[in-house]
Amino acid sequence: MNINLQEKFAEQYHKKAEAIYFTPGRVNLIGEHIDYNGGLVMPCAISLGTWVAIAPNNDGKFRFKSLNFDIETAANSNTVNEKDGNIWANYPIGVINEFIKDGKEINGLDFLFYGNIPIGSGLSSSASIEIATAYALNVYYNLGYDKFELVKIAKRVENDFIGLNSGIMDQFAVTFGEKDKAIVLDCETLKYKMVDIDLGNYVLAIINTNKPRELADSKYNERVAECQAALKLLNEEITLHYLCELNAEKFALHSHLISDEILLNRATHVIKENDRVHLAAKALSGGDLTAFGRLMYASHESLRTLYEVSGKELDAIIDFCSGYKHVIGARMTGAGFGGCAIALVEKGCEEDFAKQLTDYYVAQIGYPAGIHISEIGGGPTTL
Ligand code: GLA
């Protein structure tokens, strides 16, 4: 972090911060839009993230300031159960609300946040700020929640307080991430395993479309509802809790139950994407990056044509990558509708890649993309 948060805290609140905590953002290597369908995902934490500095106050209020936003706000334990308009501070407010509902006595805290994850870029800035708050409160007050509980608290905030019917992947990834490892997470059972990421002669590039995200939340909730509708149709013949209980072969036996083409496409993406993650996990642990890269392209194609969550900006990036000989795999990452893509770029070619991609993207889209070579970072820490 190139910012002295302690100094900034003193400027804002005229006292010293008592503690500073960090929580990362994440990318998902493969397994998109299947966490809420009980599937397997493969995210990892990145070195970009959210820092929060805190100190107690004597007036019983929670004060929220951020170096990223001008809007600041305050709440007390009676008002944290309501959203404050549409502002960023609803994430920490929602977390405090959950802690208070759970009987925890927290009262009177000043917060200063700073994040370097581009907002709305699909790198989980919201899960990062949720877990940053939950982790900070848990450590500061010694509340004794384990990591699974923090993840579930943050997911409840996202689902019930913010109103996005998201799965558990983002909160899990930013909490359980470890340096240079991917998490292979079964979103139905929450069983997970950490897999070494050895990219050999390649680096992981994150490419931000820089597209302003519009209507992403309502489109996301629409996809969740479509999957539920497909599941309901399949349940006329078999008993399933999640679409990902079927593999492609078994799905073929029952897909006739889904006559609506859009629902059929959505379910086909989910089930085949889940199969791809199983293959990708094998490829990664066996060091077969070429196979892994092919699965990344296949994942993107399915998200583009069957799940329809890509867009011309993300597609322009993937089109460029597939024609550029020093990239072995690329795909959109996260919810889509803009946000970021990831690519495996041959070491030593990063500069040329950035230059050529920039030229191509500007010619297609009219403004530049953001290109960042990423490290696979660790989980939340106390600084
Ligand atoms: C968002 C959601 C996640 C997941 C992804 C798509 O990031 O928060 O739960 O559904 O989209 O894979």
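From the backbone N, Cα and C atoms, a Cβ is placed for every residue, glycine too.
Those TrEMBL annotations? Automatic predictions, nothing curated.
Feature annotations, reproduced from TrEMBL:
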- 7-56: domain 'Galactokinase N-terminal' (DOMAIN)
- Arg26: site 'Transition state stabilizer' (SITE)
- Glu32, His33, Ile34, Asp35, Tyr220: substrate binding site (BINDING)
- 90-177: domain 'GHMP kinase N-terminal' (DOMAIN)
- Ser126, Glu158: Mg(2+) binding site (BINDING)
- 281-361: domain 'GHMP kinase C-terminal' (DOMAIN)
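Among the binding-site residues Glu32, His33, Asp35, Ser126, residues whose Cβ is positioned under 6 Å from ligand 1 are identified as Glu32, His33, Asp35. In the shown protein chains, 24 other C-beta atoms lie within 10 A of the C-beta of Asp35 (substrate binding site).
For the substrate site, the Cβ centre of Glu32, His33, Ile34, Asp35, Tyr220 serves as reference, and the other residues of the chain with Cβ at most 8 Å from it are Gly31, Tyr36, Asn37, Val41, Gly167, Met169, Arg223, Val270, Ala335. In the three-state DSSP scheme, Ser126 (Mg(2+) binding site) falls into the helix class. Asp35 (substrate binding site) carries a helical DSSP state (H, G or I). Distance from the CA of Glu158 (Mg(2+) binding site) to the CA of His33 (substrate binding site) is 16 Å. Fewest Cβ neighbours within 10 Å among the recorded positions Arg26, Glu32, Ser126, Glu158: this applies to Glu158. Of all the binding-site residues listed (His33, Ile34, Tyr220), Tyr220 has the fewest other CB atoms within 10 A of its CB. Within the set of recorded positions Arg26, Glu32, Ile34, Asp35, Tyr220, the entry lying nearest in space to Ser126 (Mg(2+) binding site) is Arg26 (CA atoms). Across the residues annotated as binding substrate (Glu32, His33, Ile34, Asp35, Tyr220), the two Cα atoms farthest apart lie 13 Å from each other.
Using Cα positions, the member of the recorded positions Arg26, Glu32, Ile34, Tyr220 nearest to Glu158 (Mg(2+) binding site) is identified as Tyr220. With DSSP states grouped into helix (H, G, I), strand (E, B) and coil, the domain 'GHMP kinase N-terminal' (90-177) comes out at 52 helix, 7 strand, 29 coil. Cα of Asp35 (substrate binding site) to Cα of Arg26 (site 'Transition state stabilizer'): a distance of 15 Å.
Secondary structure of the domain 'GHMP kinase C-terminal' (281-361), assigned with DSSP and counted as helix (H, G, I), strand (E, B) and coil, comes to 45 helix, 14 strand, 22 coil. A mean pLDDT of 97 is what the model gives for the domain 'GHMP kinase C-terminal' (281-361).
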